[in-house]
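Remarks on the structure that follows.
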Amino acid sequence: MNEEQKSLLLNSSSCFSPPQGVKLSYGTAGFRADASLLPSTVYRVGILAALRSLKTGSVIGVMITASHNKVSDNGVKIADPNGGMLSQHWEPFADALANAPSPQHLLLLINEFVAKEGILMDGVSQAEVLLGRDTRPSGSALLEAARQGVTSIVGAVVKDMGILTTPQLHWMVRARNKGIKASEQDYFEQLSSSLRCLEDLIPTEKSKFDELIDKVVVDGSNGVGGVKLKGLGRLLNALVIEVRNSSEDGGVLNDGVGADYVQKEKLVPHGFGSEDAGMRCASLDGDADRLVYFIVQPESSGRIDLVDGDKILSLFALFIREQLSFLNENEGLKNCYPCRLGVVQTAYANGASTNYLKQLGLEVNFTPTGVKYLHEKAAEFDIGIYFEANGHGTVLFSESLIEWLEARTKEISSGSKASEAEKAALRLLAVSKLINQAVGDALSGLLLVEVILQHMGWSIHRWNELYHDLPSRQLKVKVADRNAVITANAETVVVSPPGLQEAINAETGKYPQGRCFVRPSGTEDVVRVYAEASTQEAAGTLANSVTKLVDQFLGLNSS
Ligand code: 16G
Ligand code: MG
């Protein structure tokens, strides 16, 4: 590192002191904390992004958001060159950078790391970082901190992409690195044109809908997703999207609204009421990377029927499986593609969804909680569909399948009637363009759900009847040290503290269809307990008993 670089880093970092007595960690979704604690961390993530760009020779993204957390929180995460999450191999460096106590320590760390990684800081190599933020009031100052971090590395430039959903920024990073146009307009155009393509391919006998089915009502969590959905909605022909709880409506972000609230509380969000009973409703989270649907129950009970990420996954799996069977039906070997379709869930998926998917003959895989784990597993398939019950998920297509579909659809001669196999190829190609290939995206997920429902001629009720969720209950326990809980087998077994799993097994064994897991949260200082059983009451009792066990083994008073 030359003298110019050293003094640039020392000068700029002296303006950003890390908070005293707080240890930050790059968790499942980057750094998150009260916004007042974050300027130094975001500045340092700016440095990290510039270094990552130098290392990879690609554009990197920095997103400032705390997703579904309260409005006074904020957070920051990195989008890697392919638009996915930061390589796990760099996470320890992110932790060390964020917690370096002084500018001198910071410099030392950077020096060591660039030497180890062989990163050239010669002042000639170029780096580029795209910045985005959600609608939180603390976002603009934190974006400025990120800018200072990036530009404290010689040769690094920043592009401020403005207020975006998290998946938009990931999409833009991926597009830029593929040499594709990457503005918000390009994103909207890709989504709307691929939707149109799917709409044009809806079997004619199924394309008649009453008004109710044509419209979806969306809760934007008082965040960025609602605004963007309105922009996207203007480009759509047939689909009518009514947006409520958009950031400009003045409500408080994530307060009694949004996908997290709807999924966890199973209650009607603000802005919805009994007049919406039976309508097709959806909810996004604060940065629009989660999507769940719901049906408001009749009368003013305030309850909803939740149509969660597991059901979205099941709908997508059903549609894609159908297209694959058309694709290979009556085709000679030459026209067949041995497509490996896989689905990925976490242990927190409702057991009924897993049974349903297995009954469809699908390969169901499990990973620990967190998009980075599911995404990585899904990428092993030609088509990998992943979803968490909370609504994070997408459908990944392998490059070789996309190439094959492109070649297959090029052969379709204009004017002649496309065969069922050709239509299926066109549909799959359109799905690969519609659904975000970088990360789960509530906006593109919503369009895909909508067009599949039209394709099937299904109401939300029909969709919700695919299977019946087993009663479940989630609880959280405050413990002395949540990291004392170590799990294995995709979080289904506790290996430490010793004896806890045996105690959970003994308790679970008392309940017909009982399943119960515990794991440390990646975003809150708690241990989570998930229980399923044949009745709601039994699920509740099981969750309570296991909560007590966790407390006995690890409670605040245990050493
Ligand atoms: C984060 C994760 C999400 C996971 C959730 C679990 C990303 C982008 N987000 O929001 O996938 O479901 O954490 O939180 O990876 P928990 O560990 O506190 O339950
Ligand atoms: Mg989110």
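Backbone N, Cα and C define each Cβ position, glycine as well.
Per TrEMBL, the features are:
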type	residues	note
ACT_SITE	SER67	active site, phosphoserine intermediate
BINDING	SER67, ASP285, ASP287, ASP289	Mg(2+) binding site
BINDING	GLU388, ALA389, ASN390, ARG519, PRO520, SER521, GLY522, THR523, ARG528	substrate binding site
DOMAIN	57-89	domain 'Alpha-D-phosphohexomutase alpha/beta/alpha'
DOMAIN	125-177	domain 'Alpha-D-phosphohexomutase alpha/beta/alpha'
DOMAIN	182-292	domain 'Phosphoacetylglucosamine mutase AMG1'
DOMAIN	308-458	domain 'Phosphoacetylglucosamine mutase AMG1'
DOMAIN	476-547	domain 'Alpha-D-phosphohexomutase C-terminal'
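Per Cα geometry, SER67 is the residue among the recorded positions SER67, ASP285, ASP287, ASP289 nearest to GLY522 (substrate binding site). Listed recorded positions: SER67, ASP285, ASP287, ASP289, ASN390, PRO520. Those with a CB atom under 6 Å from ligand 2: SER67, ASP285, ASP287, ASP289.
Closeness to ligand 1 is met by none of the binding-site residues ASP285, ASP287, PRO520, no Cβ falling under 6 Å from the molecule.
The Cβ of GLY522 has fewer other Cβ atoms within 10 Å than any other of the binding-site residues PRO520, GLY522.
A coil conformation is recorded for GLU388 (substrate binding site) in the three-state DSSP classification, outside any helix or strand. Among the binding-site residues ASP287, ASP289, ARG528, the ones whose Cα sits within 10 Å of the Cα of SER67 (active site, phosphoserine intermediate) are ASP287, ASP289.
A Cβ within 8 Å of the Cβ centre of SER67, ASP285, ASP287, ASP289, the residues given for Mg(2+), is found for these other residues of the same chain: THR65, HIS68, ASP134, THR165, THR166, GLY223, GLY225, ALA259, LEU284, GLY286, ALA288, ARG290, ALA442.
Note on the recorded positions SER67, ASN390: the fewest other CB atoms within 10 A surround the CB of ASN390.
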